[in-house]
Amino acid sequence: MGKIPPTFRPAISTNSLLKTQNPTTTTQPQKPPRHFNNNKNNKNKKPTSKKPDFDGTKKLPVLFKSPDLSEAKKVFNSIVTTNQTQTPLDRSFYNSVLQSYTSISTVDNSISLLNHMIKKTPTFSPDRSTYHILLSQSCKVPESDLSSVQKTLNFMVNNGFDPNPGTTDIAVRSLCSVDRVDDAVELVKEMCLKKCPPDVYTYNFLIKCLCKCRALSTVYSFIDEMRTSFDMNPNLITYTILIDNVCNAKNLREAMRLVSVLNESGFKPDCFVYNTIMKGYCTLSKGSEVIGVYKKMKEEGVEPDLVTYNTLIFGLSKSGRVSEAKKFLKIMVEAGHFPDAITYTSLMNGMCREGEVEGALALLEEMEAKGCSPNSCTYNTLLHGLCKSRLLEKGIELYGAMKEACMKLETACYATFVRALCRVGRVAEAYEIFDYAVESKSLTDVAAYTTLESTLKWLKKAKEQGHAV
Amino acid sequence: MLPQGVKKTITDNPKKLANLIDLVNLPSTLREFVGQSRISRLGCFMHVWSYIKTNNLQDPNNKNVVNCDKNLRSILMGKPQVELVELPALIKLHFPKEPK
């Protein structure tokens, strides 16, 4: 019960995600080829995949079968000639054709095909997005240097399109998507020298990627370099990303230092920053500090939101201060927020820890009465609590409801349930739970079996030693 | 009350995991029962357990006990009755540790 329940995690992390989401993505030309993809799933397919899925149209069943350039040219010619009688093809059509080819070919061949397309069809004038398709491809090539990216950029410039922030953004995102973070950093510096610095969204995106896979010192030195050489300063969102990162690493001291740096830079921490810090203290089960953050927010006049209250209630429940957590449930309602499944589940978790399982069950009724439907995490928490408190019959009843709703069992809950059944000699039922766990894919077969096996082994031993089980 | 080790999943121990999921060449008695020449310990357990379920071999009065039929007896040391508690241990007997 010490972990943050799964349903809780997205609720916290989304705030930083939401904020850093890049509005420029809408300008990205890598939209799925409209003419070929009726299937929306294709949007997520990497162009590097060997089998491009083009079965969306009846007009063009399979476009490019081989990465061979002369073949591709032939295919393109045939598309153009067969289509002459119909409506004229627009630019996005040509872009999709090019994009399909980039997914299976090399950068050089794609450039050649584009040249061929321009020569062959005078009505087609490539725009920036056409070149961005090539750029994105060249970034995803598994290479150790930026030569093909530079080649594409030069090709683009030679055709009259100077890179803009969108260009930088696409390159950085494509590079990061294939884990070429160091190359992305290098490219950003290069683009800065070429007077095309990344915008703040690209910058923050890169910082986030760096945080994920590089040491903190690397991130700091990148920020420093950007500041001293190119006059790019971190903003509030950058600091939120950094604070979130150090909080996840349980380095609260660094988080507090960052907050003071943030204040010195003239920013005022907002709700997201406070929520992030609060989450940090929650992972350390530091109830007093969690409340401290809440008080600080109030002092600074920052209005707590739903996430704040959920974090607060979760943190207090986790550090064994359930009565205070209950108090905050009232405060939150008074402040006009609607407690959700996360709020109630956190509180139930705290109550179960304290052995107040009956109270937790009453809370379940209360929440349902208020129109808030419990989720699988709620049920798992309760089942776990019931088994721990040896209220097995109620637990079995609850399990029945879970089974009906096809809910998955969480690992800890499953193990506790199986143990509780075995302890009272209901081995056959434990086997049934095992079957359900495997069937519902709650756990892997191995994990489910291992738990069952070790529980039975323990039971047998206990019996042999004549212990009352 | 509870053994400490239980909470820890064996999945992070590669040796124990291998012991559970590696395919093993079976002795002839077991080969006849599962209809395969190689199976993992986990696979074998699943097979036996589903055999018990499909043939309704659990004692109607005490579900924790299995009344073995002829096939089952041949692989479970000829016992006429086994308890579900000892099933994993009995199956483990067919999968001895490999002497290194």
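Just so it is clear, glycine is given a Cβ too, placed from its N, Cα and C backbone atoms.
Please treat TrEMBL annotations as automatic predictions, because they have not gone through curation.
For A:19-29, the entry in TrEMBL reads compositional bias 'Low complexity'.
Positions annotated as region 'Disordered' by TrEMBL: A:1-58.
Residues or ranges marked as repeat 'PPR' by TrEMBL: A:164-198 (among others).
Sequence-distant contacts of the repeat 'PPR' (A:199-229), counting only residues of its own chain at least 6 positions beyond either end whose CB sits under 8 Å from a CB of the stretch, comprise 20, 22-24, 165, 168-169, 172-173, 176, 179, 181, 184-185, 188-189, 192, 235, 237-238, 241-242, 245-246, 254. According to TrEMBL, the repeat 'PPR' annotation covers A:199-229 (among others).
Among the features that TrEMBL reports, repeat 'PPR' is placed at A:235-269 (among others). The list of residues near the repeat 'PPR' (A:235-269) in space but at least 6 beyond its ends in sequence, with Cβ under 8 angstroms from a Cβ of it, reads 13, 16, 19-20, 200, 203-204, 207-208, 211-212, 216, 219, 223, 276-277, 279-281, 283-284, 289, 300, 302.
Across the repeat 'PPR' (A:270-304), mean pLDDT in this model comes to 90. Per TrEMBL, the feature repeat 'PPR' maps to A:270-304 (among others).
Remote same-chain residues near the repeat 'PPR' (A:305-339) are listed as 2, 4, 8, 11-12, 15, 271, 274-275, 278-279, 281-282, 285-287, 290-291, 294, 297, 346-347, 349-351, 353-354, 356, 367, 370, 372 (criterion: CB distance under 8 Å, separation of at least six residues from the stretch ends). Residues or ranges marked as repeat 'PPR' by TrEMBL: A:305-339 (among others).
In terms of DSSP helix, strand and coil, the repeat 'PPR' (A:340-374) has 26 helix, 0 strand, 9 coil. Sequence annotations record features per position, and here TrEMBL assigns repeat 'PPR' to A:340-374 (among others).
The repeat 'PPR' (A:375-409): residue composition by secondary structure is 26 helix, 0 strand, 9 coil, according to DSSP. The annotation repeat 'PPR' is assigned in TrEMBL to A:375-409 (among others).
Packing against the repeat 'PPR' (A:270-304) from elsewhere in the chain are residues 2, 4, 12, 15-16, 19, 236, 239-240, 243-244, 246-248, 250, 252, 255-256, 259, 262, 311-312, 314-316, 318-321, 324, 335: each is 6 or more residues past its ends and has a CB under 8 Å from a CB in it.
Residues 1, 5, 7-8, 11, 306, 309-310, 313-314, 316-318, 320-322, 325-326, 329, 332, 381-382, 384-386, 388-389, 391, 394 of the same chain, all 6+ positions outside the repeat 'PPR' (A:340-374), place their C-beta atoms under 8 angstroms from a C-beta of that stretch. Helix, strand and coil counts from DSSP across the repeat 'PPR' (A:305-339) read 26 helix, 0 strand, 9 coil.
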